């Protein structure tokens, strides 16, 4: 007689084992109809799952945060079902849920086409409308291997054969299609109403380039049409804002084959880079950091001591000289420990804060490179704090305050905090990790922050707090981090003289606010759609003369503004003023200053703000005041 405890604490007793669907029905027919799955004692299950002992149960409906995962997983199976209906000779492989959707990989004798996607989506809609039940069965591994071999599904048979002998596997059937899956899935295909196939790509079987190239179909699925419409609009906006396209349009940077994953900064792009660097340098100074510079190439022996050689070698660029092995640094931390170790330190000096704009290199796979967002060479605002255990909480709290102020200045007001915990591959014992994770939890709690925990996603040397920014079109970007490291200082021999004259190992906090400057600039470009705030804009204003008569005055205005420290250009070409205005508007210049005979005679400028906003004619000093205000407040002008 199982007793089922519901989320509100109420209990229901049943005379025999009962399905999740039956519990939902006993509560109400509306809930039974809305049920997509359940959570039994913390585990997501199908509505067909049988509860045979006292358990806690939450019914998953379209209002539950877990609903999207079930719907997307089920829609991936619906796609595979449709492929087998339209292309019976295709073989199915795997189809997981990913962020905002799913994909499924297939083996087929010819490439799928965009027209095939249209036909498949139509078939998926047709199959969903049949509202066929999704039925779970369990069978022994060997029996499942034979089942899929008989179906001609060799990839599925290979997957199951890799499972240890003697284990059972679960299969899900809908109509004529059966797939291997752990589940859970929706109770019937009729629950799948909102989906779209997005694109085609290639993928190697099991991610190994030695294996066959499969065809990957990406899709998205949602609970409500308005959510999907918003997502598709966001994708459309993302394409318009793509920093690679804007980088070319605005003449900021470029890439070329001779330097994969490395950036050629043009003058305008480098201007943005320098503004970000100088801003972050002031943050270092205001927060009590001493700026340092460590070598980019270090001996293999140091990387072995730090743990990078064993845990990160595949991502490092290595070289040899005079029978010694070296590596380009992928991280700055070992170098900062060497600077710390160059002298003897007292507890009175702690916390000791080092900061560097450290240039790092990581051997990223060529297929993973993506504009400024994923590169092989980048610069971090990388800092390391050497402190005692008792100082961790106050240092993390101070960092948290600083990081939020920085993001506010760059235009990000929504920031989510996540705590990444120990990964499977790591240095240090569990006691050290317990201490490090508890220290970060305590600091966040003391700072009054809410946070989400991410098991397994910490760095190999320590847990970390991550700061995730939401941009202007709703996407999130992980930027800032602060990590507790009890391991590396000990591995590299860092010490300080304690109050009792004993030698102790300091705690090291790894911290970065923007992270990779290159990536952060890519995020800024996309967040602002290229309309950089005045303080960051490579060119803050352009002076345009209406005719040759006003060319000298235009030059005078430009020179006056440049002497006051503003980034100003002049356009004295013999072109129509409307043409020049349009051309510079496409370059997203914050302010255009139009001068003709009247302005020359009255020492004024006609000001047009970005987006075609006419601010009228004003004395040059008045425009300077407006420019200074926008720069100091780190704002606009916003495009209309």
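Cβ atoms here come from the backbone N, Cα and C positions, even for glycine.
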Site co-member for Zn(2+) according to Swiss-Prot, given 384, 510, out of 181, 333: 333
384, 510 as binding-site residues, winner by CB count within 10 A: 384
Other same-chain residues whose Cβ falls within 8 Å of the Cβ centroid of 333, 384, 510, the recorded Zn(2+) site, in sequence order: 331, 332, 336, 337, 382, 383, 483, 485, 488, 508, 509, 511
Distant-in-sequence Cβ neighbours of residue 333 (Zn(2+) binding site), under 8 Å, six or more positions away: 306, 382, 384, 485, 488, 508, 510
Three-state secondary structure, which DSSP defines for residue 384 (Zn(2+) binding site): strand
For the region 'Catalytic' (242-533), the mean pLDDT of the predicted model: 94
